[in-house]
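Beneath this line is the structure, given in structure tokens, with notes to follow.
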Amino acid sequence: MAPPTVLVTGGAGYIGSHTVLEMLNAGYNVICVDNLCNAYSSGAKLPEALSRVQEITGKKVNFYRVDITDREQVRSVFQEHKIDMVAHFAALKAVGESCRIPLQYYHNNMTGTNVLLEAMADNNVFKFVYSSSATVYGEPKFLPVTEEHPTGNCTSPYGKTKYFTEEILKDLCKSDKRWAVVSLRYFNPVGAHISGRIGEDPNGEPNNLMPYIAQVAVGRRPSLSVYGSDFPTHDGTGVRDYIHIVDLAEGHVKALDKLRNIAETGFFAYNLGTGVGYSVLDMVKAFEKASGKKVNYTLVDRRSGDVATCYADATLADKKLGWKAERGIDKMCEDTWRWQSQNPNGYANK
């Protein structure tokens, strides 16, 4: 039987590119679309991250520059290829920014997903892996957070787009029994591929902690702003469940394997995390150890929408998908530093 073909949206981004690599290694055929709003491209046919994925795997990546909110562009990809499954990463993803420009977040993250789902249904594609987020839980009512934790009490428009999309997916599965949807609620992805050839390279100022720490360590930025030092945590800074990007990518492959191999349909949600929380300052210290560099930081006010502490109970993913995180904080920092030190300006300095 021919291996399934998976359409990956947002495939040139940080999580998308690492997942494409693991999917190719697992034998899937991959078609990528991305509008390149948060991915480096030199103007070549293939974005740099995907060019390096091809180099690492020795396998071909089909790429189309497509905006998922554009119905015609999306439909043309389905017409050109026989798609079996979709893994949907394409989204705007900065919590703070979403509070400033909510309409753009609702349009991109929700309208884009609806356009994609309509194109899938029109082409009889009903297997869908959704890139969700721990933000659907809002301020945790209990820790660790299980999938039974209430969703919807979100603290940012970004979180709401993920929550509302999950609700749409649940309604879709109820209305049409052909749909099989796995929603992966990830905690905080960090790290890079062990080769140091691909990693996190945000356009402009990083919104996430780890690339910011790495850019300070490599000399690209003078210091890290630590948002909030008065949280009720062991050192006053926010505590998160950081997960290695390769563990996360492997979780997506496990989700695709599940959809490929079972006849079961409906909506399934799984947490992907390590179950361990680290504070911002814990991460700074671990990164200093891994890199041998000093990371200067300043303590500033909290950002709107940030919660104090959040970490996962990921035992359901272990039970149902056969997945668990294998890589710890030291490996996360070592792999990030290898990527950043080999690529001080990200993908722009080949």
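Yeah, the Cβs are placed from backbone N, Cα and C, and that goes for glycine too.
Since the structure is predicted, the reported quantities are computational estimates derived from the model, not experimental observations.
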In Swiss-Prot, NAD(+) binding by GLY13, TYR14, ILE15, ASP34, ASN35, LEU36, CYS37, ASN38, ASP67, ILE68, PHE89, LYS93, LYS162 extends, among TYR186, TYR212, TYR227, to TYR186
Neighbour count check, CB within 10 A, over binding-site residues ASN35, SER133, ASN207, SER225; minimum at SER225
Sequence-ordered list of residues in the chain of ILE15 (NAD(+) binding site) that lie 6 or more positions away and have a Cβ within less than 8 Å of its Cβ, or none, is PHE89, SER131, PRO189, ILE245, LEU248, ALA249
Listed binding-site residues GLY13, ASP67, LYS162; those within 10 A of SER133 (substrate binding site), CA to CA, turn out to be LYS162
Simplified DSSP label at TYR158 (active site, proton acceptor) comes out helix
Comparing the Cα of ASP67 (NAD(+) binding site) with the Cα atoms of the binding-site residues TYR186, SER225, GLY305, the shortest distance belongs to TYR186
Cβ atoms other than its own within 10 Å of the Cβ of ARG240 (substrate binding site), all chains, total 25
Cα-Cα, TYR158 (active site, proton acceptor) versus ASN35 (NAD(+) binding site), nearest Å, comes out at 19
